[in-house]
Every structure is written in C-alpha cells, then in structure tokens.
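Under the heading region 'Disordered', TrEMBL lists 1-75, 478-500. The annotation compositional bias 'Basic and acidic residues' is assigned in TrEMBL to 8-23. Residues or ranges marked as compositional bias 'Low complexity' by TrEMBL: 26-39, 482-494. The compositional bias 'Basic residues' feature in TrEMBL is assigned to 56-65. According to TrEMBL, the transmembrane segment annotation covers 126-145, 157-179, 194-217, 229-251, 271-289, 321-345, 390-415, 427-445, 451-471. The annotation domain 'Sodium/calcium exchanger membrane region' is assigned in TrEMBL to 126-291, 326-464.
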Amino acid sequence: MTSPYHAAAREKRAAERILDERNANSGGVPRGSSSSRGPQQLPLHSDPIGTEGHGHGSHHHHHPPAPKSWFPVRAGGESGRTGIHPWHFFRIVFRSSSLASRMVNVLWPVVPAAIALRYAAPHQDLAIFILAYIAMVPCANLVGFAGQNLAKKVPHVFGVLAETTFGSLVEIILFIVLIKRYSPTSSVDYTQVIRAAILGSILATMLLCLGFCFVAAGFKREETHFSEIVSEAGSGLLLTAGFGLAVPTAFYNALHGRLDTRELERKTLEISRSTAVLLIIAYLVYVFFQMRTHHGIYDAIFEADAERDDDKHKELQSHRLTLIESIIALAVGVALVTIIAIMLVDRIHFLVEERGVSDAFLGLIMIPLVEKAAEHLTAVDEAYDNQMNIALSTVLGSTLQTALFNGPLVVIVGWGMNKPMGFNFELFDLAMLILAILTVGNFLRDQKTNYLEGMLCVIVYVAIGVAAAHYPNPQELHEAFPTTGTSPAPATSGSEGGHH
C-alpha cells in the first residue's frame, strides 16, 4: 500500500507540474528557473487595487511593486498594497470571499438596529433577542473573513489553523459571557446551557456543516475524494475527544445513588477540571503535529487542493485586505461579536422562563447555529470549489478545537472564577455526540463521499434538533424527581464552587 508520505509527495509534484504548465502557456517563466524568483513574480498573483480606475492600457504593468511589508506575506495572500485605504477596505469586506458570505453582508443594517433597540426599548426582550440573533451572523462573518485574509498571508498549515482559531473566537466569547452570568440563585443554569452548547457546536459542525459540504461538492461531481491523512487523523482525534468528554459523565452516573450527592458532585468537578487540562494538552500536541513534525505532508495536500480550486482564477484576480486592514477588521468584528453576545445572553432567561425554550434546544441548536455560521459558509464554499481536503480540515479542525480547547478552556476559566463548570453532561446529549462521531467516522473511512452521505448527516442533525426541542430542562426533572436527577441543583452547585 502506498504510504501517506508518498501520496502527499505525489500530490505536491502534480501541483507543481500544473503550475509549470500554466506558466508556460501564459508566457511566464517556469517555476524552477532562477529568473522566476524575486519581486517581479508578485504582480502575477494580484493586481494592486491602487491601480484600478486609471485607464486600461499596458501601463498597468509598469507600476512599481508595492512597498515590502514588515511581515513576510505569502504570495497567495499579497494584496499589492500597504497601510489602510478606507474605500477599498469597505468594498473588499462587503464583497467578502463567496456569494453566500456576500448575501450575509446584506444583514449589516440589523446590527445598529439591534444595538439601538437595546437602549431605546430595553424591555422588548423578544425583539432584542431576534435582532441580536440575526446581527450575530454578519459580525461572525466579518471575523471569519478577516481571519481568512490573515490565514492567506502565512504558510498553508498555519493558515488553516489560524482560520479555525479566528472562526472560534465567537464561540469562546459566548462561552465566557455565559459563565460570567452564572449564579446559584439564578432561575437559569448557565453552566447547563454551556455544556449543551459545547456538544451542540460539535454536532452542528460535524453533522450539519460536513453534510452541507458533501452536498455542495456533489452538485458538480459524482464523487469527491479526500486525503486519508486528513480523515484518519481527524477521526482518531474525534474519538479521543468524545471519550475524554464522556469520562466525568460516566463517573457521575455510575456512582449516583451510591455516594453522597455533594461528595459525588465535588469529585466529578475535580475530574472535569483534570480532564480539561488533559484535553488541552492533546490539542497542543495535535497543533504541534500539524505545524512542526508533519507540516510538509499537510502543506503538500493543501497546495494540491489549492491547484484544484475551481475558482482559482477568480481568487487570483480578487482583491485582498492588507495586513493592517485584516487586523482592524478582526478587532472590529470581535468587539461587535462581544456586544451582541452580551445582548443574547441577557435575554436567555426570558426565553427559558417566558417562552418555555428548553436548555437543550437553546444550547444544542440555537447557540451553535449562530456562532458557527461564518465558519460553516467558508467550509461549504471550499467544498463547492473542489477543495475538499481544506474544507474537511476546516470542519474537523473546528470540531476538535471546540472539544479539545474551547470547551476545556471555559472549564478552566470557570475554575479561576470559582464557578462550578464541569463536564457532567446530560446522558441524551452525550449519547448523541458518541453516535454522531461513529457515524461521521464511518463516512470518512473510504476517503470519498457524495451528496447522499451529506443528506444523511443533515437528516440526523435535524432529528437531534427535534428531540432537543422536546427535551425538558434538567432543573425541572430534578424538582419533579429528586432521586433520579443527574444534574446538581443550583444551591448544591454553588457549594461545589465554594469548596474549591
């Protein structure tokens, strides 16, 4: 059997041959010749925006190259400009990276409307929540687009990791805002909402987003193939993450009714915190594996995918943000996401108490859909453009980051804030997670997919959503059946936090 290393090397050589042929056909210099190296190659990748609107003659080719940036930028991410140009900045941000993202940008007027309504009519909880929920989508899209532009300016492997990390900023901000709102006397158990949101985020990315990626790829081709390196590493880590998240829940339910409740909750919380540290270590090892010891294999795979990009000619002609503009867009996006997240979290008690929305539905479905919207659009667009390895890396990377880093991070943050945030999940939520991991792992096993498998993933996710909508709140179960409840009561949870 051909080793993954040889397969990756073959893909890289094929990509290099394609690039040489394109250069030869366009009258360019072959990639390997000495004259192809140097600043004169830069205009082939990007036409500087600053040259637009000055006529259509051949004098475009005589413009001096853009000043060199203080940061070494990969040619594929070069904008041809430096500094800040407001007109180009707003135009590029609005055009975004794909048609779906461009359609999302139409929702930008909702953002100031939501913020204005919050201060003008603070008691209109339902209207504020709806507007804030919609407003989160373009704000998250801005964070994702700025992250994409930054990712294209660095090597491929680091770029994919950076893009995934920036896309997860929305999730991290929401989790931290939720944990800060926790109070033992509150009518809403925010730790339960976070636990459901952690698993919901994994399920939304792993089933809904991956399913739509398979469907989008199936629009253009009968079958889509992807590298075994990406799928095997991702599947193994998903099983590891699922196992790690299940340990505290299994411990609690195995000893429930056989050990003092407070003592059992204290031990479960200690196990959760230890597990969180171990999962973060596993994530760091995974990042080191991708960026240091095996980065050559991943680079070859991603470069070959980039050469197969159906929209590559459009991307080469499209304009990009400068490094400074990307950082500004990211900062503005994060600030807006934080404001909108606070507005959303402040209205959760209204949804739970007045509208009867369950914690399971709120955490498993509603929060993940809005926090991951931009990342999902990016992955589906990559799959549609025949970049399935990059799309799969985005999906699996996002899922693993939630399971191995974002979720454990909020447990450690809660530990520092003396909040009883642990991994004692509801059995229903955990069972859905394990079954989903097994289902997706089975689909990834043969390194090929089609739209049928994608539709099956989406259908499974919708079925989980229907069940979550009918699932009662754990607090209600605890009050109705105190001897069978699996979630700590608010007062007991507060004593857990005080113990540590």
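For all residues, glycine too, the Cβ spot is worked out from N, Cα and C.
Note that the structure is predicted; figures quoted are calculated from it, not measured.
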When each of 126-145, 229-251, 271-289, 451-471 is checked against the transmembrane segment (194-217) for Cβ pairs under 8 Å, which one has the most?
451-471
What are the helix, strand and coil residue counts for the domain 'Sodium/calcium exchanger membrane region' (326-464) according to DSSP?
113 helix, 2 strand, 24 coil
What parts of the chain pack near the transmembrane segment (427-445), using Cβ distances under 8 Å and only residues at least 6 beyond its ends?
195-196, 199, 202-203, 206-207, 210, 214, 226, 231, 234-235, 238-239, 242, 245-246, 249, 253, 360, 364, 392, 453, 456-457, 460, 464, 467, 471, 486
Contact between the transmembrane segment (126-145) and the transmembrane segment (321-345) (at least 3 Cβ pairs under 8 Å, separation 6+):
yes
Cβ under 8 Å to the transmembrane segment (390-415), counting only same-chain residues 6 or more beyond its ends: which ones?
160-161, 163-165, 167-168, 171-172, 175-176, 179, 182, 191, 194, 198, 201-202, 205-206, 209-210, 213, 217, 226, 230-231, 234, 237-238, 241-242, 244-245, 272-273, 275-277, 279-280, 282-283, 286, 298, 302, 305-306, 372, 375, 378-380, 382-383, 421-423, 444, 500
Contacting positions for the transmembrane segment (321-345) when only residues 6+ beyond its ends and CB under 8 Å are counted:
69, 71, 73, 79, 81-85, 89, 92-93, 111, 114-115, 118, 128-129, 132-133, 135-136, 139-140, 142-143, 145-147, 149-150, 153, 166, 169-170, 173-174, 177-178, 181, 190, 370
